[in-house]
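*Asks:* There's a structure below that I have some questions on.
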Amino acid sequence: MSHFEAFMLALIQGLTEFLPVSSSAHLILPSEILGWPDQGLAFDVAVHVGTLAAVILYFRKEVVTLLSAWITSIFKGKHTAESKLTWMIALATIPACIFGLFMKDFIELYLRSAWVIATTTIIFAILLWWVDKHSEHKFDEYQTGWKRALFIGLAQAAAIIPGTSRSGATMTAALYLGFTREAAARFSFLMSIPIIVLAGSYLGLKLVTSGVPIDFSALSIGIAVSFISAYACIHAFLKLVTRVGMMPFVIYRLVLGFGLIAFLLSK
């Protein structure tokens, strides 16, 4: 992988990881259109590190508060809105772990194709448009009960299917349940922390045991670029989503999905 390819792939990952637009749909384009090689396991780990660092740094105050409240609830039995939210985030993480553990090989074998990605990109664009239009937009993330957390967690599990978008699926589910746009985004971003930690740890373990040679210069680019772009993306999205809503992302997904189908039909 050249340094330019590393830069572009990390930029794509950072910009799309937290937007409801599907990072897998974007990452397949360089390989399909430009013939770029697969980025490899080590680079996957690098961009996970970069995006994880970005979301933790951006929400550093919330993360410290939530973890402190969670630990206090365990050892002192003192339950607060913050400790409850932390438990709900943990609950919402479970379905994706189970689904990923048992369905990963099937998905990699049968569903990781450009046609599937194009189709799911379009389907979830329509779902996002519908729920954003009809949502009551009245709840914040601290009003998340176990039923809501589990429902959003199931949406996150479904996002293992390529093209769905983890953030897109979780925001869609949260909006359907009546969350405000900002609360849906914030809960989705906070939910990403444990799932990125688990996915990154799994990939890191595979990397250590694989003996694959590591290009540290490409990895450094991957970490730095994905971190900067993801941090900027989170900041911009939270500033804009309450004003512009989800429609720009719906339109973008539709254009991307149909554009990918047109490209595949032309081959």
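Quick reminder: no glycine exception, Cβ is built from N, Cα and C everywhere.
Keep in mind the model is a prediction, meaning the values are calculated, not measured.
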*Asks:* Of the ranges 2-22, 149-169, which one does Swiss-Prot list as transmembrane segment?
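*Replies:* The listed stretch tagged transmembrane segment in Swiss-Prot is 149-169.
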*Asks:* Counting Cβ pairs closer than 8 Å, which of 39-59, 189-209, 218-238, 244-264 has the most of them with the transmembrane segment (87-107)?
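*Replies:* The stretch with the most contacts is 189-209.
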*Asks:* Which stretch from 39-59, 149-169, 189-209, 218-238, 244-264 shares the most C-beta pairs under 8 Å with the transmembrane segment (111-131)?
*Replies:* 244-264
*Asks:* Determine which recorded stretch among 39-59, 149-169, 189-209, 244-264 has the most C-beta pairs below 8 angstroms with the transmembrane segment (218-238).
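*Replies:* That would be 39-59.
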